[in-house]
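Q: First the structure, which I've put down as structure tokens, then a few questions once you've had a look.
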Amino acid sequence: MEERRGNIKAENEMNINMKEEQSTLDWRGRPSNPNKHGDFQAASFVLGLQAFEIMAIAAVGNKLITYVINEMHFSLSNSANIVTNFVGTIFLLALLGGYLSDSFLGSFWTMLIFGFVELSGLILLSVQAHVPQLKPPKCNMKCEEAKGVKCLIFFVALYLVALGSGCVKPNMIAHGADQFNIQTKKLSTYFNAAYFAFSVGELFALTLLIWIQTHAGINKPPQGSIFIPVAQVLVAAILKRKQICPSNPNSNCSMLQTQRFRFLDKACIKNEDGNNRRKESPWRLCSVSQVEKVKILIAVIPIFGCTIVFNTILAQLQTFSVQQGSTMDTQLTNSFHIPPASLQSIPYIMLIFILPLYHKFFVPFATNITGHESGISPLQRIGSGLFLATFSMISAALLEKKRRESALHSGKTISIFWITPQFLIFGLSEMLTAVGLIEFFYKQSLNGMQATFTAITYCSYSFGFYLSSVLVSLVNKITSASSNAGGWLSYNDLNKNRLDLFYWLLAVLSFLNFLNYLFWARWHSHHSSPPPQPTALSKDGGYENIP
């Protein structure tokens, strides 16, 4: 009997894999040919597209705080919040892009449509930057903050870029990953290559473009809305909350369904009226695969939540750390000064060299020890990155204390190269966390959820940047009320602020967040199990296939 069950299960898995392969299409909408389509030949196009897209958005985002302060004349704290809200919105809108792709448009058309939206925003920003009449006048004795039409044009352009970039980002990652079988080792290699392309794009944006400023694949068709099936499971589970699921550990239930969130299994129980089975609404009866989608969504939320503080730290490196650099000695030679915004190129210069070495040497070495195809699991990779992020903020706090004391007590301006360690440490941290998170979410997703799950990883950036805005405002308000000397971040002059104390606060939050992650990663590893086959559970404990 057990052997028969195993054969049935293996056959069902093979049929599902065949269905998934047949669900991929070429660009004309015809079934794809595995010998002609997919693999790295197709994914390389997506990697190139990703490098150029991040190059454009990084050139805007990382120079934005300087533009907002110097050209639009907003205050330092407001400028920092404008930048973090902009970046946060980009990554929040990634969820919209993933939803539209998986449910209606497909990744290819979503990238094409919103690529033009992003381009229109970039063009409008460029026009405003080059037309004096569209900006407030230059500061004389007093600076006039941008208002009215000028302010409206700026924010319309900015959020057109956010809408376009947000919807494009998850689909580039997901479309590239779709070129591979989810079980192949090449998929892990692709995620490393995708982050390498990201690093190259960031490097060019933060060096060449900022210096100028200062001076053949396969497609997965949309599967329909994923949120309606999720809502159906929740409604069905609530309506059948008084039903009792079979608890026999030797039954098909334990073999075909994961044991976490068992109350949701009630959505699969068939109601029977004597010998006649009633046809139930999809809002009362769901397939096991539907239930598993909801279970997976719930199970990954804690892992997702633990990366929010990590991205709050990233927000500081794109705002306050740039302002730190602008108060330091930026002279490299007699005629060349390092643009402060280019400081963010430091981790990407490092990563361009480290990523190939990581994949070539560390992964095989770690694989021999752990037996894991990626060297270490995505959860271990995320945890390592979160642990290192704390030391980035410790380095930033120590540097700011040294910079401030040198400026106030001895009148010296220290070299900008002192700021390097905090960027280097965070760069290594981001390589581990960002790639691990994307790989983890993509491998957790079921068919028809890939772009949405990739988009959820970008929401972590969004919430992190929004949390940064909240923290800046909250810390400023609390410290202003408790001190006559003003808040930690009250002034445009960093020498009057206590940015070092703000960085220490982030270091403490980062370490507490790491401890929280250890708990949830252990919980997830303990409760995870392979996804089941699409069957339904009858009231008497038997199972039936649902088409």
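Heads up, the Cβ atoms here are built off N, Cα and C, so glycines get one too.
Curation does not apply to TrEMBL; its annotations are automatic.
Reproduced below are the annotations present in TrEMBL:
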type	residues	note
TRANSMEM	82-101	transmembrane segment
TRANSMEM	107-131	transmembrane segment
TRANSMEM	152-173	transmembrane segment
TRANSMEM	193-212	transmembrane segment
TRANSMEM	296-317	transmembrane segment
TRANSMEM	337-358	transmembrane segment
TRANSMEM	419-441	transmembrane segment
TRANSMEM	453-475	transmembrane segment
TRANSMEM	501-520	transmembrane segment
REGION	528-547	region 'Disordered'
Q: Would you mind listing the long-range same-chain contacts of the transmembrane segment (296-317), meaning Cβ under 8 Å and 6+ residues beyond its ends?
A: 83-84, 87, 230, 260-261, 344, 379, 382, 385-386, 389, 392-393, 396, 422-423, 426, 429-430, 433, 437, 440-441, 444-446, 449, 453, 456-457, 459-461, 463-465, 467-468, 471, 503, 506, 509-510, 513, 516-517, 520-521, 523-524, 527-528, 531
Q: Any contact between the transmembrane segment (152-173) and the transmembrane segment (337-358), i.e. 3 or more CB pairs below 8 Å with pairs at least 6 residues apart?
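A: Contact absent: fewer than 3 Cβ pairs fall under 8 Å.
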Q: For the transmembrane segment (107-131), find every same-chain residue at least 6 residues outside the stretch whose CB is under 8 Å from a CB in it, and list them.
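A: Apart from its flanks, the transmembrane segment (107-131) reaches 27, 49, 53, 56-57, 60, 67, 71, 97, 100-101, 150, 153-154, 156-168, 171-172, 174-175, 178, 219-220, 451.
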